[in-house]
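For reference, Swiss-Prot has these:
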BINDING   82, 84, 98, 101  Zn(2+) binding site
């Protein structure tokens, strides 16, 4: 190998190193972007989990309150009073069933 061939080989090797370094820098930037995105998503996920637990607690309270309200209305109805919008608070004659009250009590 003469000096020119050696120099050309060294120059090619140097160019390959520069291309490799450029590719490594590109991959490094992509990894940095992915890490940042991952961090943002982890924070967002944590906030969503907190919000979900608050909503679940509110829903549980609402269901409990709804159940208590329904039981209260059922008690009033069983005591012989209307609970429907049409006759609310009026005594049911001879404790006859009222279709409006029944519908209100047993709707989903």
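Cβ coordinates are placed from backbone N, Cα and C, and glycine is handled just like the others.
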One finds that other Cβ atoms within 10 Å of the Cβ of residue 98 (Zn(2+) binding site) number exactly 20
If H, G and I count as helix, E and B as strand, and all else as coil, what does DSSP give for residue 98 (Zn(2+) binding site)?
coil
Under 8 Å Cβ to Cβ from residue 82 (Zn(2+) binding site), same chain, six or more residues apart: give me those in sequence order, or none if nothing qualifies.
88, 89, 90, 91, 92, 98, 100, 101
Which residue among the binding-site residues 84, 101 has the fewest other Cβ atoms within 10 Å of its Cβ, if you could check?
84
